[in-house]
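Below is one structure, written out as structure tokens; the observations come after it.
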Amino acid sequence: MPSKFSCRKLRETGQRFESFLAERGLDLETDRERLRTIYNHDFKPSYGTPAPGFSSMLYGMKIANLAFVTKTRVRFFKLDRWADVQLPEKRRIKPGSNISKQHRSLLARIFHDRAEYLHGKHGVDVEVQGPHEARDGQLLIHLDLNRKEVLTLRLRNGGSKPVTLTHLFPLCWTPQFVFYHGEQDLPCPLGPGESYELHIYCKTSIVGYFPATVLWELLGPGESGAEGAETFYIARFLAAVAHSPLAAQLKPTTPFKRPPRLTRNSVLTNRIEEGERPDRAKGYELELSLALGTYYPPILLRQLLPTLLQGPSIFTAPKEVAEIKAQLETTLKSRNYEVKLRLLLHLEELQMEHDIRHYDLDSVPMTWDPVDQNPRLLTLEVPGVAESRPSVLRGDHLFALLSSETQQDDPVTYKGFVHKVELDRVKLSFSTSLLSRFVDGLTFKVNFTFNRQPLRVQHRALELTGRWVLWPMLFPVASRGVSLLPSDVKFKLYDRSLESNPEQLQAMKHIVRGTTRPAPYIIFGPPGTGKTVTLVEAIKQVVKHLPKAHILACAPSNSGADLLCQRLRVHLPSSIYRLLAPSRDIRMVPEDIKTCCNWDAKKGEYVYPAKKHLQQYRVLITTLITASRLVSAQFPIDHFTHIFIDEAGHCMEPESLVAIAGLMDVKETGNPGGQLVLAGDPRQLGPVLRSPLALKHGLGYSLLERLLAYNSLYKKGPNGYDPQFITKLLRNYRSHPTILDIPNQLYYDGELQACADVVDRERFCRWEGLPQQGFPIIFHGVMGKDEREGNSPSFFNPEEAATVTSYLKQLLAPSSKKGKARLSPRNVGVISPYRKQVEKIRYCITKLDRELRGLDDIKDLKVGSVEEFQGQERSVILISTVRSSQSFVQLDLDFNLGFLKNPKRFNVAVTRAKALLIVVGNPLLLGHDPDWKTFLEFCKENGGYTGCPFPAKLDLQQGQDLLQGLSKLSPSTSGPRRHQNLPQEREGEGGLPLQVEPEWRNEL
């Protein structure tokens, strides 16, 4: 019958019995039956409250590692005495106090190759006494808040020869651990059977995961004088853990297992049967005059890619590899423009081919379409498709192989075309031969593909760039000084707010006059400065003052293009036309632009008017990729006099070219041709790439960022930027001055001015949840733990998720607090760089927490990645940084993950907030990054820091030493050296690293 007493109660009773024995001089008694008699007849009557039985008490002590128990003997470890004894201060060890740079590098290697240092050597090993749980090579000490636990690590020489303990290194930067060494001084000889004790006090007043490492350095057996003796190391990894109730519910559901090695195109066979493609819109009248090539990556590049990633090999051709590397490393110029950018696009596609395999499905059932009851369509559930992981759009295809035929010599592969996407389900058309034999529940092995259309139109744009000689626009050297308007023209503004903003007004006037041509005009718009407002006003003024002008207005995303349309239709309702791709879900299109886009509500489908009809509109609005349809229709090269690209810093340079090459001409002399306008911020996130090789060699640069970084026309001089070519907007209309302070200093030369509405920006300055009234930033320090589960490589941190949830309850709970404004969930955003943390936080607020899940509009609270919040703002932003472990930091740095060493991601995250910014993270780890270090110290100095104790000194150099050690592993201690840019656990087929699930493109 199970005991009615908890393990904690059993342990506490046993420790009190141990003290009872010591007080009576019976602490040396080990006879089990005599101890039972003392317990039942002497101890229990004096206990005062019901006590467990003797055997139950022993069980509790045994599982807590506080007693050694046999059928006849009991030996208590007597550790609890340490909890009440103050050891001499001279025996206390200050963690890290005597660690040299050499030893820091050694510790970094030990973090990486833990198993090697957990085993004893030469008969020397470590005995552990005290309450702990051994898990994955780590000693976990579970703590109740404000209750002390004591652990003893006894280094014992169980060998036959003497050894010498030369150094003892406890490594811990948190106050939850206190270390006391034994009586002996170091170096300390240990003969056979001798031991050296380390006593560890553990106590915490806050929840969290507090790691520590203990390293013993020893001199092995050798001749006298020890000249030939071997130095060896033994380590133990500790962690004190105190969970909040919510965090305990977020622990990994299944142990993390690395995904199996991926097999490329595993379902493709010699026999492929196709289904029916979705019907082309009956109203598709737009010409297709210019062919679009396939532009597949060259076979040789596929073969050489592993060598490019991993280094030379005897099985590769050095000459070809050297040629490719030379192309990659050469500075981008007009003479190598097409060759280099085409190569980078191929590298990106090869990475995409590899990454898409991550979503392949095995033994998944399909069913007949249950909703439309369409006998031609089958339904497949695809987890993650609603979040574009993977992206599946109407018109895309996938490959399926019957599970029952996978072992056949020549099975049939079925190519299914996507007709409809509904949340996590797709409806597919397959060949009639499959449909004729199909029954509900038939299972398949499925390979996903990605849409190559965006890549193909970028390759074509590179071809057209050279054909139309656009170098004066892409590598500008001067303006030709030709104005489109008289110098004395007066502007009547549509948006009167520009009257009080000289920078916006200046940019608009230069754009309309066109004096920058053939060079592009750049609107450099830091967060919240109104770059889209400026761009929209410029478009309206061009339409007004230049009657013959025709404008193409683009953005990389549908949301960006929709916003342009919404802003323009206010004053130009009959002059604009929004051209949408057929894959766009009409339910996602804002209602107010449906009347001026290519959706035919009567037919229930998209229409594509002929070129002649589209040319009648003064302004066409598309995404960059959809602009390729105008190129295919061969619009006259001089039709568009102006091309505007919003969010221009967020797209690859070849993507910008899709809307330029073939649609705009640059005259060799005289009239400089059309005006290109780029609006964006090079200090915020650039394009999302998958290939680290393409990223390293420049594909991550947008056209806007390249011009600002390398072209002299756009360089900042002693008097600022040249307003003829570029305007930097300076007035921030979004954030409280305190929130703006650090990013302003770090990225914008301190020039930004806080101009947000005072009432809006100060609505949380008196909130009682602030550590410091009037300072609307909170950094809540949490010593959490990085976790992973299942086969997902993405990280999550339960304690941070619980802390974020706690703040959300304070902000959104119906019972208002003093100083807190009424807040709707739609005005709150939660940002985390890891997909799994996003999922866990959503789970907390929609399932686990009773108060939050009960709110009617809780689904309006957006939880997403930094990329998903670019261009957006919320009254309140909460950020969960997730990372707490040194062990994986180098992985983040190598693959541009997380926040560390990623100033653009940091900048975007902290500048989304209007009135309140709450950051939850590990200050010890974030302090290794200079930008985060600046932010942390800013919060501390102004009273905005709370949570775990703030580190006395954020030692940036020490952190960098440890990180350096991780990336320079010694072959002598860690086995064969691995390629530095490819951590072993991330490698996939051909050495290609498996990225942590960035969202796939779903904008066409």
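Each residue, glycine too, has its Cβ placed from N, Cα and C.
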Have a look at 134-137, 566-569, 646-649 and point to the one annotated motif 'DEAG box' in Swiss-Prot. 646-649
Which is it, of 157-201, 697-741, 922-966, that Swiss-Prot names as region 'Interaction with AGO2 and APOBEC3G'? 922-966
Spatially, and counting Cα to Cα, which of the modified residues is closest to Gly525 (ATP binding site)? Options: Lys148, Thr254, Ser433. Thr254
When the motif 'DEAG box' (646-649) is classified with DSSP, how many of its residues are helical, how many are strand and how many are coil? 2 helix, 0 strand, 2 coil
On a C-alpha basis, identify the one among Pro526, Pro527, Thr529, Gly530 that is nearest to Lys148 (N6-acetyllysine); the candidates are the binding-site residues. Pro527
Smallest number of other CB atoms within 10 Å: among the recorded positions Thr254, Ser433, Thr529, Thr532, that is Thr254
Let me spell it out: for each of the binding-site residues (Pro527, Gly528), count the other Cβ atoms within 10 Å of that residue's Cβ, using every protein chain shown. Which one has the most? Pro527
Which one is it, among the binding-site residues Pro526, Lys531, Thr532, that lies nearest to Thr254 (phosphothreonine) by Cα separation? Pro526
How big is the gap, in Å, between the Cα of Pro526 (ATP binding site) and that of Ser433 (phosphoserine), rounded to a whole number? 57
Ranking the recorded positions Lys148, Lys531 by other Cβ atoms within 10 Å, which is at the bottom? Lys148
Local Cβ density at Pro526 (ATP binding site) - other Cβ atoms counted within 10 Å: 25
One finds that other Cβ atoms within 10 Å of the Cβ of Gly525 (ATP binding site) number exactly 27
Provide, as an integer number of angstrom, the distance between the C-alpha atoms of Gly530 (ATP binding site) and Ser433 (phosphoserine). 57
